[in-house]
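**Student:** Before we start, here is the structure in question, set down as structure tokens.
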């Protein structure tokens with residue numbers, strides 16, 4: 001029997017809106033657990049544009065995206081939220097008592113009285129490079145991550161990309177694979193200069209091959225690669241290969257949320273604008289992932305949404321309990337929760 | 001106003017009046033030019049506003065900066081005249097600029 005993690009509110013997505021939901025729910029004494037596919041909190045703010053300034057956060061004429069995430073983490077610290085990173089929520093089921101069971105892609109089991117979907121543009125997943133027919137090889141001879149290095153032993157391997165993942169795996173798999181060819185669009189790399197220097201040194205020793213170019217075609221049968229066409233500065237070349245690892249960054253996909261039985265509107269989840277509840281009572285959707293007439297995908301709109309959502313969530317988590325509207329400026333009970341009471 | 005022309009992948013021309021200081025991407029979105037997605041909203045963080053700058057304009061438009069080059073690694077069928085349209089600012093000297101939209105974005 002797998003251990004079950006129980007919490008009041010399970011939040012899917014640890015971006016700015018998921019984080020601020022912890023604050024609003026915390027003021028009503030609800031305990032939160034957040035699950036995110038990234039390895040750290042912050043969502044798009046942390047992954048896509050951490051250093052970009054945001055100019056429309058009330059009270060902050062300018063704040064970097066990472067700065068906002070850091071301050072949200074500080075703001076919610078009194079409520080001691082739990083985080084599970086590097087996981088995608090794969091299934092969600094309503095139990096007989098009205099609570100929800102959520103299972104991750106690593107089979108961890110969570111049970112919560114309320115589920116809040118704050119998944120933004122969806123989960124970050126490896127980007128599929130634009131190579132015709134690549135999907136026929138995925139999972140068989142084309143992989144987007146390395147789970148076990150042994151799977152590459154004795155293979156002619158092509159690694160595509162110019163970032164740290166591409167360079168690190170080029171260096172790490174070189175001793176294991178039969179041959180390694182690194183393919184990158186240009187001779188400049190985003191990866192750490194040290195890795196790049198090591199790669200060039202190994203190329204010098206003919207321990208690996210580096211080709212400038214773009215992979216434009218694949219050949220093989222039954223999901224098994226036999227060669228790749230690389231379009232380079234001096235024309236097309238054909239490189240034999242039996243495994244390929246493309247590292248083309250991350251993109252956002254709605255993912256398994258689409259299969260949870262919620263109504264959808266163009267890959268967004270329709271909600272009402274009083275509670276921000278989905279078509280399933282007890283499941284709320286806030287931030288960029290929800291839709292309602294007039295919806296604006298702004299962080300500040302998400303902040304408003306979680307405040308109202310928290311009221312509705314409280315009625316589910318503590319039925320019958322009277323909800324008292326209070327201000328953090330004047331309520332000693334709220335200030336106690338925040339750890340600032342005099 | 002500065003005139004821009006987008007040529008969609010199917011050959012349709014979109015002639016638009018652009019304000020100086022706006023980005024070429026913003027004008028594509030505002031005028032619903034098909035094939036420009038701009039997933040990240042102009043943060044140079046996604047490579048889904050990729051365009052090919054018409055050969056006659058590459059010198060005036062200029063080369064991508066290092067960060068944009070890094071993002072172009074994620075784009076589809078990158079050519080020497082590839083740019084991310086969110087990184088091209090409209091100015092007087094670009095009056096008449098022609099850019100082509102690729103077959104797909106990433």
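Using N, Cα and C of the backbone, Cβ positions are placed for all residues, glycine too.
Nobody curates TrEMBL annotations by hand; they come from automatic prediction.
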**Student:** From A:168, A:272, A:288, grab the residue that TrEMBL records in the same FAD site as A:36, A:44, A:49, A:89, A:124, A:329.
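**Tutor:** Answer, per TrEMBL (FAD site with A:36, A:44, A:49, A:89, A:124, A:329), from A:168, A:272, A:288: A:288.
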**Student:** Among A:36, A:44, A:49, A:89, A:124, A:288, A:329, listed as contacts of FAD, what is the widest Cα spread in Å, to the nearest whole number?
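**Tutor:** Largest pairwise Cα separation, rounded: 38 Å.
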**Student:** Kindly assign residue A:36 (FAD binding site) to one of the three DSSP-derived states: helix, strand or coil.
**Tutor:** coil
**Student:** If you count the other Cβ atoms within 10 Å of each Cβ, which of the binding-site residues A:44, A:329 comes out on top?
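**Tutor:** Comparing the binding-site residues A:44, A:329, the most crowded Cβ belongs to A:44.
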**Student:** Quick one: average pLDDT across the domain 'FAD/NAD(P)-binding' (A:8-293), no decimals.
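**Tutor:** Averaged over the domain 'FAD/NAD(P)-binding' (A:8-293), per-residue pLDDT gives 94.
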